[in-house]
Amino acid sequence: MTDLAAFLQQHREQHTIAAALTDTVATIAAACTDISAKVRLGALSGVLGAAGTGNIQGEEQKKLDVIANNILIDKLKLNSAVAGLASEEEDGFVACHEDGRYLVLFDPLDGSSNIDVNISIGTIFSVLEKPSGRLQTEHFLQAGKQQVAAGYVLYGPQTLLVLTFKHGVHLFTLNADNVFVYQNTSPQILEHTAEFAINMSNQRHWEAPVQQYIAELLAGETGVRGKNYNMRWVASMVAEVHRILMRGGVFLYPKDARDPNKPGKLRLMYEANPLALVVEQAGGAAHNGHQNMLDIQPTGLHQRVAVMLGSRAETEYLQKLHG
Ligand SMILES: O=P(O)(O)OC[C@H]1O[C@](O)(COP(=O)(O)O)[C@@H](O)[C@@H]1O
Ligand SMILES: [Mg+2]
Ligand SMILES: [Mg+2]
């Protein structure tokens, strides 16, 4: 059995990765182990229900959003490699160690609407190198391609850790002793797929290219795509991405006309960038319709973005439709 600690040591030696970076990821994994323990107990650990507060983005917080956020912050603050944190649930960044080398960004709890109904949820994380100088918001606003590590923990039927240091994607299962055990596989996203994920209830608000794309998929084997497609929607992006990693597929949360201030619902820094890096490292692709996700220059910590990712054949076709 190779556990996470042994994997990290071996991976760091093989690819000359700084120990401070693998330690930072180990700290994130440790925090997620604590979150997983609370998720597993649900009502018995008092994590279900609303927190009665809202976050900077005007979203109602669940108790577990707040608890997961605090667990991550408390653990990461103890790691001297961490210079600062940014979280979906925090208004601004949290400064940690002045001499720290890394910035950690996270969505502490993805899929909040699924917490109280016992459907898969997760934690998504991204690690950047801290530029020199006194910590400021601009230091976090690096394009996704600058990430040095990223991944997620999925609290599903099993608790899984999926991570990348840009040398492929690695998968771990949490065992009964709360140890992440390495699953010696290198997940690769199938190039072709017949499965798509989109929230169809927003259909009337989509732009023309997405309208056309979904209409073509729904036409099935009698349409221009010449095959039947199946649809899934979990409403936890982390679970959708994991499904795509394991068996292919395409995921869309496109720009829509519901609110002109929100070009897409998902967050670039906490959701789209880390998951795009995982997807690219597994042979898939991610873009916003026009630009590769990892090339987008961020302008704000809580910036939202349209997301299309997954199997290459579908994502390339979507980009073509967007012109
Ligand atoms: O289909 P809906 O209700 O718009 O929302 C689903 C999307 O919202 C999210 O839950 C947003 O994440 P949070 O729970 O972190 O706010 C994504 O994971 C998911 O893709
Ligand atoms: Mg989320
Ligand atoms: Mg969240």
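For all residues, glycine too, the Cβ spot is worked out from N, Cα and C.
Pulled from TrEMBL:
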type: BINDING; residues: Glu88, Asp107, Leu109; note: Mg(2+) 1 binding site
type: BINDING; residues: Asp107, Asp110, Glu271; note: Mg(2+) 2 binding site
type: BINDING; residues: Asp110, Gly111, Ser112, Ser113, Asn199, Lys265; note: substrate binding site
type: DOMAIN; residues: 8-177; note: domain 'Fructose-1-6-bisphosphatase class I N-terminal'
type: DOMAIN; residues: 191-321; note: domain 'Fructose-1-6-bisphosphatase class 1 C-terminal'
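Structure with TrEMBL features highlighted.
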{"residue": "Glu88", "record": "Mg(2+) 1 binding site", "Cβ contacts under 8 Å, 6 or more apart": "Asn55, Gln57, Phe106, Asp107, Pro108, Arg267, Tyr270, Glu271, His302"}
{"residue": "Leu109", "record": "Mg(2+) 1 binding site", "Cβ contacts under 8 Å, 6 or more apart": "Ile35, Lys62, Leu64, Asp65, Ala68, Asn69, Ile115, Ile121, Gly122, Thr123"}
{"residue": "Asp110", "record": "Mg(2+) 2 binding site", "Cβ contacts under 8 Å, 6 or more apart": "Ile121, Gly122, Thr123, Ile124, Tyr152, Ser236, Met237, Val238, Glu271"}
{"residue": "Gly111", "record": "substrate binding site", "Cβ contacts under 8 Å, 6 or more apart": "Ile119, Ser120, Ile121, Gly122, Val234, Ala235, Ser236, Met237, Val238, Ala239"}
{"residue": "Ser112", "record": "substrate binding site", "Cβ contacts under 8 Å, 6 or more apart": "Glu59, Gln61, Lys62, Leu64, Asp65, Ile121"}
{"residue": "Ser113", "record": "substrate binding site", "Cβ contacts under 8 Å, 6 or more apart": "Ala235"}
{"residue": "Asn199", "record": "substrate binding site", "Cβ contacts under 8 Å, 6 or more apart": "Trp233, Ala235, Tyr253"}
{"residue": "Lys265", "record": "substrate binding site", "Cβ contacts under 8 Å, 6 or more apart": "Tyr253, Arg304"}
Where the record names Asp110, Gly111, Ser112, Ser113, Asn199, Lys265 as binding substrate, the maximum Cα to Cα distance in Å: 16
DSSP three-state assignment for Asp110 (Mg(2+) 2 binding site): strand
Composition by DSSP (helix, strand, coil) of residues within the domain 'Fructose-1-6-bisphosphatase class 1 C-terminal' (191-321): 59 helix, 23 strand, 49 coil
Arithmetic mean of per-residue pLDDT over the domain 'Fructose-1-6-bisphosphatase class I N-terminal' (8-177): 96
Listed binding-site residues adjacent to ligand 2, that is, members of Asp107, Asp110, Ser112, Ser113, Glu271 whose C-beta is under 6 A away: Asp107, Asp110, Glu271
All-chain count of other Cβ atoms within 10 Å of Asp107 (Mg(2+) 1 binding site): 28
